[in-house]
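These features come from TrEMBL:
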- 7-31: transmembrane segment (TRANSMEM)
- 43-63: transmembrane segment (TRANSMEM)
- 75-95: transmembrane segment (TRANSMEM)
- 101-122: transmembrane segment (TRANSMEM)
- 194-212: transmembrane segment (TRANSMEM)
- 218-237: transmembrane segment (TRANSMEM)
- 244-265: transmembrane segment (TRANSMEM)
Amino acid sequence: MFMINEFLFYVLVGFAAQIVDGALGMAFGLISTAVLVGFGIPPAVASASVHTAEIATTGISGLSHAMFKNIDYRLFRRLVMPGIIGAIVGSYVLTEIPVPIAKLLVAIYLIAMGGIILYRALQGGNLFQVLKNFLSHRIHRRKLPSSEAKGLIPLGFAGGFFDATGGGGWGTIISSTLLAQGTTPHYTVGSVNLTEFLIAITVSITFFFTIGLSHWQIILGLVVGGAIAAPFAAYLVRKIQPRIILLLAGIVVIALAIETVIKLFL
């Protein structure tokens, strides 16, 4: 049994995270994890709950991209196995290290991801385009086939590892890196979204066998909150500038992560 007040809190977390994710296409995992860890949920439990809740949303997203033929299956195959291995290792590491150390490492990761979100907001443009312009001296103007991108094995492993340990960030890490190399945007985003579905399943299964998935109130709350928020997010994206949402999301993620660090040393 769980207290109704706790459940409503998790619903609110899922609602807020989905408002941002639905409007921007990113940050559900980062925001959910930042809030949960900030309020005392162990990092492993937070990551397990968030990834289990994400199975449905990432599955629908991946299927949608497949229906619209946005998948480069060669890129998918080259990313998926390193990503799965990285996710398994990351999940296992998060369950084995002491909780205070895990909280510190996750907080540092969230501060970095929040910084990326803030940077995108302050630039007033697409993060992918910013990175692409920054690295333009290394990129040919001709579009690079997505499956020919360099460093896919270490990139996939790193993306899976940090996504599992930090509770989110697969899309932010993988898509931005690939697009910075000049890959075709719709194939890159579609393929990365489809692999994210398998990463979410992998993380959830790994945590199930290491710590169990007994925190169904968190998972259910995130799913319910996200489902309620989806139509509102679709409406808000037409009414509020994405830059404002990005700015608020970045500030929230960083503030909660800093609060976690402060609590650890008090």
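Sequential numbering from 1, following the chain as shown.
Glycine too: its Cβ is placed from the backbone N, Cα and C atoms.
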Self-check item: Tertiary contacts of the transmembrane segment (7-31) (same chain, 6+ residues out, Cβ under 8 Å)
Solution: 39, 50-51, 53-54, 57, 110, 113-114, 117, 163, 166-172, 217-218, 220-230, 232-234, 236-237, 240, 242, 245-246, 248-249, 252-253
Quiz prompt | Candidate ranges 43-63, 75-95, 218-237 - greatest C-beta contact count to the transmembrane segment (101-122) (under 8 angstroms) | solution = 43-63
Quiz item: Based on Cβ pairs under 8 Å, which of the stretches 43-63, 75-95, 244-265 lies most in contact with the transmembrane segment (218-237)?
Solution: 43-63
Quiz item: Under a Cβ pair cut-off of under 8 Å, which of the recorded stretches 43-63, 194-212, 244-265 contacts the transmembrane segment (75-95) most often?
Solution: 194-212
Self-check item: Contact yes or no, the transmembrane segment (194-212) and the transmembrane segment (43-63), 3+ Cβ pairs under 8 Å, gap 6+
Solution: yes
Quiz item: What residues in the same chain, six or more past the boundaries of the transmembrane segment (244-265), come closer than 8 Å to it by Cβ-Cβ distance?
Solution: 19-20, 23-24, 27, 30-31, 34-35, 37-38, 100, 103-104, 106-108, 110-111, 113-115, 117-118, 120-122, 236
